[in-house]
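Going by TrEMBL, these are the annotated features:
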TRANSMEM  12-35  transmembrane segment
TRANSMEM  137-156  transmembrane segment
TRANSMEM  168-194  transmembrane segment
TRANSMEM  304-321  transmembrane segment
TRANSMEM  333-354  transmembrane segment
TRANSMEM  361-380  transmembrane segment
TRANSMEM  386-410  transmembrane segment
TRANSMEM  422-440  transmembrane segment
TRANSMEM  446-470  transmembrane segment
Amino acid sequence: MTLSYDEVLERVYGTGLYQIVLAICCSMCSMMLSYEYQSMIFLHYTPSFSCSDSRMQNFSSLRWISSSTFAALSTDPSGMEKMSANYTVEEQCQAVGQRNGTSHMELFSCSKWHFAQSVMRRTLPTDFTLICGRKHLIQWLASSMFFFVAVGQAIALFTDRISRRKMLLLYVVVEIIITSTTQFGTYFEVIFILRLLRMLTMPLNYAATCIMQELLPTRKRGLFGTLYWMPYALGRIARWNRVKLTEDFVEEAVSSIIGSETHNKCPSDGTALTNAGKRKEKGCFAVTDGLIAIFRMPNMRKKAVVLCIYMSAIFLSFYGLSTSQNFASTNIFLNVVCMGLGELPAPFVGWAVAHFFCRRLSVAILAAVTASCVVIGPAVRPLSEISCIVIVFVGKVTASSTVSLTILLVTEIHPTTIRNMGLFLTMSISSVATCLAPVINSLDAIHYLLPGVIYGSAILFCAFLTLLFIPETKRCPLAQRLHQAEKLVRGKVDEWIKFMQTE
């Protein structure tokens, strides 16, 4: 008897013990991710400070001015005499004052400061004096970190062609080395470089989910795919079988599945599974499947582009919320607690939505709730800060749930031969878009509603594109080859399932 790959997965699942243990081990990779997001929030936190420069004693009076005013007065000193006596700014960076014993005004630039320690004793801005003319370096660091996440995702494109296990082990070793050495950095430039290198290992959190999804029957993908992120949520407050999905995927995958039979208490003589591994593929798709081939096929090209756009919007809003220091509350610690607690129910909400609704409708529901919350939350803050916290908390829950469902959708759309490559191509492009998150968050200085409006509009528009062009995948078996995935079209899912059963 010859079985298809999905029939093999369904037959050997048994009690699911093997898959559960594998899911727990794989999901532990995501725990450190939460600490990275928390550290990015505190990158932007600068305690209040005052100038303690000894040269201030040489002036009888000082009026603190903005950097733009300082630059203008440097060009045209005559404007100092025309300044209002009451003009001053909060930040004590540059000033204009009258030197002792003289009657004319001079420009003064502070070079030493005292930082308040009532909230936090040490931060990156206090350790490396990232204030006044150097505060732009913090935003550059945050945006560069997102860009290097994209670089790491691009490097992970080759895991299907090299070896998933080797790449995972490489990421683990690099992460251990960089994390251990960062604390010894004494210069901002060194910290800057080490944090960027740390971002290159981010694909470790997502590569494991591909391995897990390909060893699950169709009916269990939504459950495992959403609960995979539980350790990441907990981070806020065994053996990995080699599944190298290239030309020899079937043989390696079947050997992993046969090994799981014993763990799952699913007795079998192994004949059917062995025959499944010996099935011959039609044509030569096994050797021609590649990432470039996606863009030669019109249907796959359309789906890949739409998924890239949609995931970019989701990641932009998710990272924007996760790294903002004041989206839920002006108190940075309360904001961090709110964002962290939002991760706890997110896997269960994602599983419930994926279980009761189809993939496309799940995406639409979560996108609508997220967009509404990120717009309404900041809008009600002047009226009630508690209402703002509650609404933004709900938005953070749905945003996190949407991320897990989007990753699940991407893995279901791409065929087995290039699933890792398709996932990391989508994520690398999305990570480039998230470089804008620190810039968008800083727009609250112009108007406090701007970041939420931008995030909400992007989510709704891209969710609409998904509903228009992406087919339903909830009941579909995983495509093994690119020519099979090309035939999966919106509105013809039942015909495609029958086609896969006869392949």
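Cβ coordinates are placed from backbone N, Cα and C, and glycine is handled just like the others.
TrEMBL entries are annotated by machine, without manual review.
Proximity of the transmembrane segment (333-354) to the transmembrane segment (137-156) is not established, fewer than 3 Cβ-Cβ distances being under 8 Å for residue pairs spaced 6 or more apart. Fewer than three CB pairs closer than 8 A are found between the transmembrane segment (446-470) and the transmembrane segment (137-156), and contact between the two stretches is not assigned (pairs 6 or more residues apart). When Cβ-Cβ distances below 8 Å are used as the criterion, the transmembrane segment (137-156) is approached by residues 40, 43-44, 124-125, 130, 167, 188, 192, 195-197, 199-203, 206-207, 319, 323, 420, 424-425, 427-432, 434-439, 442 of the same chain, each at least six residues removed from its ends.
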